[in-house]
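Here the structure comes first, spelled out in structure tokens, and everything after it is commentary.
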Amino acid sequence: MERVWEAYGLTEEEYRKILKTLKREPNHVELGVLGALWSEHCSYKSSKKHLKKFPTKAEWVVQGPGENAGVVKIDEKVWVAFKVESHNHPSYIEPFHGAATGVGGIIRDVLSMGARPIALADSLRFGEFNYHETKRLVKGVVSGISFYGNCIGVPTVAGETVFEPSYKTNPLVNAFCLGVIPAGRMYRARATREGQLLFLIGSSTGRDGIFGAVMASGEFSEDVEEKRPNVQIGDPYFGKKLVEAIMEIVEKDLIVGMQDLGAAGLAGSASEIAAKSEKGVELYLENVPLREKDMNPYEILLSESQERMLLVVEEENVEKVKEIANKWHLEGAVVGKITDDDTFRAYYKGELVAELPVSLIVDEAPVYDRPYKEPEYMKEVRNFNQEELPQTDVKEALKKLLSSPNISCKEWVYTQYDYQVGTNTLLIPGHDAAVLRLKWVLRPELTTEKGIAISSEGNGRMVYLNPYEGGKFVVAEVCRNLACVGAKPLAITDCLNFGNPERPEIMWQFVKAVEGMAEACEELGIPVVSGNVSLYNETVEKNEIRNVFPTPIVVGVGVLEKAEKYTPSKVEKESELYLVGNLEENLRLDGSEYLKVIHGLIKGDVPPVDLEKEKILINLLISFNNKELITCAHDVSVGGLLIALLEMVFRTPYGLEVEVYTDERPDVFFFSENPTRVIIGVESDKAEEVKNAVEKAGLEWMYIGKTTEEKKIKVTFNGDTLLEDELEEYEKLWRTSLEKLLGST
């Protein structure tokens, strides 16, 4: 038998399943549809079994996983929809366009729920700067994100950028979007009866992005030139017009449901609507507005051209929808209808070019229970004893850490984004979480005094060292960040970036990370309402397989009772500084930036998260914010305590005086990244009340210093002065190091 299935990304076993169901050989177009919809990117065939472990329900959850975005209640007037998604493979091939279309795609996911997009965030991973392509990739990706986000008028308010060798030839570009919905006005990818029409609105259809879903479900080789046509090209100006047109259509209640056109194009969107509606669908491909000549049915069905949406419309509303499309200078045409059988049919100029059971395309996509086993490297990385590390000079170590691209200021990145467009951003990038007000310009009666907070986190290094504990570590940090600004965590969305699931060692990383994340979500009472899985993040380079660190990215959304009542991460007034949280756990350097930068090691085990104490700390921080008992709060994370303290005073008028007494080694105390620890600023007249509240909650506190009016830093450790300098030289290192690495200064 000719191995025809391989060209469509199918396995022989999958092809035999298709033959058995159809009782005939599928044609070229049908194979294209099945190859795209059965790809890992669309079907989640390796991960679906394990994703069921996540908690997804809560009284404030309106829509959990299974739709284009999750939806949660903010109050009786406002809901929010949000999701994070990857665009990793396209961003390596074409950094600018890959990243830009990643932003466009996630905006349309949220838009398809009937939500107006109001905020973006991104989580980026690149190789280190000794790799010649890193500068090009960073500049291209950041330019692509800023181009699309700035032009479409949605602020990029949060994110993170990390550099590790494992991402050298496989960068990770994860984009998040959040939108607001009037309560009760949510849409789904659904039809309600046969005879309803499918209306394609937006840009015209070209050949860009064909095979995009299949490409995103395979490993890379060094030669990516041949894959460039698989990368979609986005147009944010067209995207902006599409947003406004959809908002007008929704406001006038002219549609039944909608679905954006993303992976697998029209074939994917139409079959998903049919499957979720338990109906069939007919498509008339000659009606699709085209931008290129001589496109064949295969190309029309599977094109992933951007800025397109598929609307379910009653026949009597078609002309009204067309008028709105014309008003916004968008293409618009009826391209199909809903039928009462379980069949996907595509016609081209009267000829039937594809006929498949909807259930086969969507519901019967294979689900694999892949084998998994602990990788051999685990024995090597666990062989670590921090007591054997040589003592280092704290001052020199601090300077090296401030120069690390993982710690140095990311202003070069986020100042390219317009994070204030829309004038709703109250707490800008550089804090533990962004804070936004929920303001409706056109519908002031829907404005609420509540605010939302957004935080994005990932720690591939920790997950690599212990996927189970690392999964807990990441979820806990996101929730802690939200609480630091005073927000109650409501829900998370995740993007699970892993290597090839056909390798048992990679599948073990995935399974254990999901289990750890699920446990943290259960214990902290945080549902997972949406997400994305990105597998096959590996590169074959000179016959050597290079896998990325297992990298679950978690974006959390929280609510503040009053938008303007938040806690900043920066010092805004003179304060005493206290470390609060779980201070009884032995401090460890395992997996820390200090261990990597100063000692060249990625070793150890993940410092465990005490989820019970984490939950107490989260509630305590929210209480402190509501009672206005603290002046600032910042969690101890990458770089450790001393880095966190400096981050709180950099870009402020204040200096820092650190004074600690402990039995720990100086390097362990200052650079450990143990979780469940937060630095808070307290005015002296409120210190006793705060300390009493910490003790009453069952947590620990430690006085670690104070801010000063003089812009200096002084660190004393058990009575010995370790450093005493002008703060400016440390701040300059932190502020300029990344720009210098990028050749921008």
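Cβ atoms here come from the backbone N, Cα and C positions, even for glycine.
According to DSSP, H41 (active site) is assigned to a helical segment. According to Swiss-Prot, the feature active site maps to H41.
Long-range neighbours of Y44 (ATP binding site) (same chain, six or more residues apart, CB within less than 8 Å of its CB): L51, V533. Among the features that Swiss-Prot reports, ATP binding site is placed at Y44, K83, D494, G531.
The Cβ of E85 (Mg(2+) 1 binding site) lies under 8 Å from the Cβ of G102, G105, I106, D109, N174, A175, F176, C495, N532, each of these being in the same chain and 6 or more residues away along the sequence. Positions annotated as Mg(2+) 1 binding site by Swiss-Prot, on the basis of sequence analysis: E85, N532.
N88 (substrate binding site) falls within a helix when secondary structure is assigned with DSSP. Annotation comment: Swiss-Prot describes S86, H87, N88, H89, R108, Q232, E304, S305, Q306, S534 as substrate binding site, evidence class sequence analysis.
The Cβ of H87 (active site, proton acceptor) has G98, A99, T101, G102, G105, V173, N174, A175 as same-chain neighbours under 8 Å, each 6 or more residues away in sequence. The active site, proton acceptor annotation in Swiss-Prot covers H87.
DSSP classifies D260 (Mg(2+) 2 binding site) as strand under the three-state reduction. For D109, D260, the entry in Swiss-Prot reads Mg(2+) 2 binding site, with the evidence type sequence analysis.
For N88 (substrate binding site), the count of additional Cβ atoms within 10 Å of its Cβ stands at 25 [all protein chains shown]. Pairwise Cα distances among S86, H87, N88, H89, R108, Q232, E304, S305, Q306, S534, the recorded substrate-binding residues, top out at 21 Å. Of all the binding-site residues listed here (S86, Q306, N532), it is N532 whose C-beta has the fewest other C-beta atoms within 10 angstroms. Across the fold, the C-alpha of E304 (substrate binding site) and the C-alpha of G531 (ATP binding site) stand 20 Å from each other. A distance of 10 Å separates the Cα atom of H41 (active site) from that of S86 (substrate binding site). Annotation note: N532 (Mg(2+) 1 binding site) sits in a strand segment as assigned by DSSP.
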